[in-house]
Amino acid sequence: MRALTLLALLALAALCIAGQAGAKPSGAESSKGAAFVSKQEGSEVVKRPRRYLYQWLGAPVPYPDTLEPRREVCELNPDCDELADHIGFQEAYRRFYGPV
């Protein structure tokens, strides 16, 4: 077992040394802004999907939740709120106030 561990460590060390030998030297030869790219180059690399079909309308407004008023009524009743935590809001509302 020790021999296997030693062999694995030696192989890892050899790979690290070989990787450093093939790497570019850092310093004067490396370009000044190698870590940063312009916005144009970045947008060519990362193509974002178009989110909205009609750009001139702007961002779509999220749809209003039709159950929100009922959810607030259920939250004001401690028993309904506790039951909603266990079985879900719609079922708790139905049991206390009738069909949703």
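Backbone N, Cα and C define each Cβ position, glycine as well.
E75 (Ca(2+) 2 binding site) falls within a helical segment according to DSSP. Under the heading Ca(2+) 2 binding site, Swiss-Prot lists E72, E75.
What Swiss-Prot lists as Ca(2+) 3 binding site is E75, D81, and the listing cites similarity to another entry. Cβ environment of D81 (Ca(2+) 3 binding site): C74, E75, A92 lie under 8 Å away, each six or more residues apart in the same chain.
The disulfide bond annotation in Swiss-Prot covers C74-C80. Following the DSSP three-state reduction, the secondary structure of C80 (disulfide bond) is helix.
What Swiss-Prot lists as domain 'Gla' is 52-98, and the listing cites sequence analysis. On the 0 to 100 pLDDT scale, the domain 'Gla' (52-98) averages 85 in the predicted structure.
DSSP classifies E68 (4-carboxyglutamate) as helix under the three-state reduction. Cβ neighbours of E68 (4-carboxyglutamate) (same chain, under 8 Å, six or more residues apart in sequence): none. The 4-carboxyglutamate annotation in Swiss-Prot covers E68 (among others).
Around E72 (Ca(2+) 2 binding site), taking its Cβ as the centre, 9 other Cβ atoms fall within 10 Å, counting all chains. Per Swiss-Prot, the feature 4-carboxyglutamate maps to E72 (among others); the stated evidence is similarity to another entry.
Sequence annotations record features per position, and here Swiss-Prot assigns 4-carboxyglutamate to E75 (among others). Neighbour density for E75 (Ca(2+) 2 binding site): within 10 A of its CB lie 12 other CB atoms from the protein chains shown.
Sequence annotations record features per position, and here Swiss-Prot assigns signal peptide to 1-23.
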